[in-house]
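For reference, the structure discussed in these notes is given below.
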Amino acid sequence: MADLFSGLTLGFSVALTLQNIGLAFLGCLVGTLIGVLPGVGPVATIAMLLPLTFSLDPASALIMLAGIYYGAQYGGSTTAILVNMPGEASSLVTALDGHQMARQGRAGVALGIAAIGSFFAGTVATFFIAILGTPLTKLALLFGPAEYFSLMVVGLVFAVVLARGSVLKAVAMIVVGILLSTVGLDLETGQERMTFGSQLLLDGIEFTVIGVGIFGIAEILRNLEAVETRDTVRQAIGRLIPSRSEFKQAYPSVIRGTFLGSVLGILPGNGAVLAPFASYTLEKKLAKNSSRFGHGAIEGVAGPESANNAGAQTSFIPLLTLGIPPNAVMALMVGAMTIHGIVPGPQVMTRNPDLFWGMIASMWVGNLMLLVINLPLIGAWVRLLKVPYRIMFPAILMFSCIGIYSINSLSTDVLFIGFFGIIGYMLLKLDFEPAPMLLGFVLGRLMEENLRRALVISRGSLETFMERPVSAALLVAALILLVLAVLPSIRKGRDKVFTE
Amino acid sequence: MLKLSRRELLAGAIATGALAINNRALAGAEWPQAMMIKWLIGLPPGGGADAITRAIADRLSKSIGQSVVIENRAGANQTLATHAVAQAEPDGYSLVTFAGPTLYSRPVSEIDKGLEAVSLIGRGPMILAGTTKRPTPDLKSLIQAAKDDPSAWSFASPGHATAPHIVGELFNKRAGTKINHVAYRGGGQSINDAIAGHVPLIIIGPGPSKPHIDAGLLRPYAVTTKTRYSLLPDVPTFDELGFPDFDLAQWNGVKIRSGTDRKIVDRLSLEINRIVQTPEMKDFILNQGLHPVGSTPEEFAAFYRADKSKWSEIVRELGITLS
């Protein structure tokens, strides 16, 4: 405990210098603005800004880069809520109810609760890291390929729950999503799968391309066909800050989301990606009237946003304690450390305590900055919705194209969002929901790769999934969840039979 | 809508073309002009090759007084980046880092034709290491254990047909073991799984593995080059442990569009060598797991040819399908 206290004191003495506060602010601001542009993610931004940090000392450089990361996480939610365009898997769930809230004139409330929920989650997660970071590393080590596979199975059950309409259609969409995730080189054998001989498909399809296409472009197409819908978004602006009753409704979700996100974020195999989905599923199951979900339920924004931010925060644990990056942004942080002559690894904590604790303290500072930057910005964002749609949509299209192009500098990616936009529009017309498909896409690759790894290690024995306690527990949990999810619709079906 | 007549478009095109020609003509004489140098790398930001490239680019930019911009164009086994430079203007403003060996079945023929060597930055070993949870203190006991109970052993690599994968299969062949290969996507998760013992063995560069070896989380068995890695001097080589002529290395080098003015290539090679030879940079490269080299274009070209035929020979011998 004394260690923790002296650590935090050291950390805040690093994070609270004028220069580092300024850099945290700058990072968060840049991150927010970048995150708002659909497609331009934190990876591209951090890579671009990396040379600027060469002249800074390592702690300052990392504080600024981390700020960009949090900022982009939050900025992505803004776009998801305002124009239904999730640029990353993490903001996909926010788009579901967040954009519905915006259509009902509650965009300000959605943005507000997202900002406040994120701040709360970030604060809790920061202290979680400070207190439990080192022991939690053990939890990360518990998860091997078999465990990740089983965790992803749990994730797929979430996809069924995400669906608003027919379960059958949701399952179909999940399968399509998984199939899409298998495009590219087979990891174990190096065979090309569904690449049509094109070099551009060797590495599979970018999430951003599908997300922006299926959600964003399809949304534009739908808005253009109906004059009324787009005008409802425009006319009703409503309040900017959540009311007391809305707070009351949302705060339990924030707490639950924070907890879920904190735990999942620790897993170095990108477990954080599941956090918002898990939270949404939980909220929908706990709600008295789950039919509100998908039609602008505030819990559907508050929970996943908190989970997302908590996960983003705790995903620093494997990086800080082991030097193992769980995702592309963290890999960049490793690169930044390397360039500054710090060897990332388990020794950072003891050899560079100022860096370790400075980062932790700056997380909290960064979260505060986000709140300071974003609460005043809400008004500006919401006013953007007043812009007539005939001016708005070409701008959205243009920014999407620029953003997508900036990821890999590939013009074919831009063509792909058009293609997926048309697919997304067709799906909308046929009442197929894209969210389960995107979740299938996100989980598919992780699931397949870990399944095959686990089987190579066990030499083909499927028992490995039941022999390992964590894996077995997760599979049982998945089964229970599935039964809970499917039961109501079966019962409903039976009721119908009886009434007839 | 902006309207341009055909004539205006044509004039524009000619003007741009003329500018490009002009650039090339001047290139030899006054390189570098007020034009940024674009240095591509076919890997995502964050890895060892990326860090080395950025560190060198930063110093290069200072020494030639021209900004050098790094662009990570990851994908398709580095071919997106190498292909782009192989098709760039040979004006001395496009460089690419090669992180070798690069093994794939579909080499775009223009790439080798379109690129020429500038300098070999460094080369270094891979390490066979494993979880400390298994009671095998050295390579000999490991081989024995793997023969006694083959199903209990497997090794992690950063992907199919990567150098560590091939090293592992070559080891299997020469040691007479049947250790299963488990492919990961890059280093991160595989290190986690090797430390925890989910995968008992891992073959990986010393850059990402040394901190875990130092911390006692991974046990090193042997390095794949003929010489030991100078930052882990206690780890023996395969060659010393009864695998004569086991000498496989990973390396980083710089290439440029072929046909670039000789003077520019020489100047770049000279500058990069000078940077690589500074004590500060030597340390940096060594920490990334490579022994700093720094070479003339000819030396790198000869190294590249020899290295390529060596790996293709092994790949053919082992019957591994390349991707």
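Cβ atoms here come from the backbone N, Cα and C positions, even for glycine.
Per TrEMBL, these features apply:
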- A:12-37: transmembrane segment (TRANSMEM)
- A:22-439: domain 'DUF112' (DOMAIN)
- A:109-132: transmembrane segment (TRANSMEM)
- A:139-161: transmembrane segment (TRANSMEM)
- A:167-188: transmembrane segment (TRANSMEM)
- A:200-221: transmembrane segment (TRANSMEM)
- A:324-343: transmembrane segment (TRANSMEM)
- A:355-381: transmembrane segment (TRANSMEM)
- A:414-432: transmembrane segment (TRANSMEM)
- A:470-490: transmembrane segment (TRANSMEM)
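Per-stretch counts of Cβ pairs under 8 Å to the transmembrane segment (A:355-381) identify A:12-37 as the leading one among A:12-37, A:200-221, A:324-343, A:470-490.
Counting same-chain residues at least six beyond the ends of the transmembrane segment (A:470-490), those with a Cβ under 8 angstroms from any Cβ of the stretch are 142-143, 146-147, 149-151, 153-154, 156-158, 160-161, 167, 281, 285, 464. Long-range contacts of the transmembrane segment (A:109-132) within its own chain (CB-CB distance under 8 A, at least 6 residues past either end) are made by residues 4, 7-8, 11, 70, 73-74, 77-78, 81, 94, 97-98, 101-102, 238-243, 246, 250, 253-255, 257-258, 261-262, 265, 298, 301-303, 305-311, 313-314, 316-317, 320, 360, 363-364, 366-368, 370-371, 374-375, 378, 381-382.
Mean pLDDT for the domain 'DUF112' (A:22-439) in this predicted model: 85.
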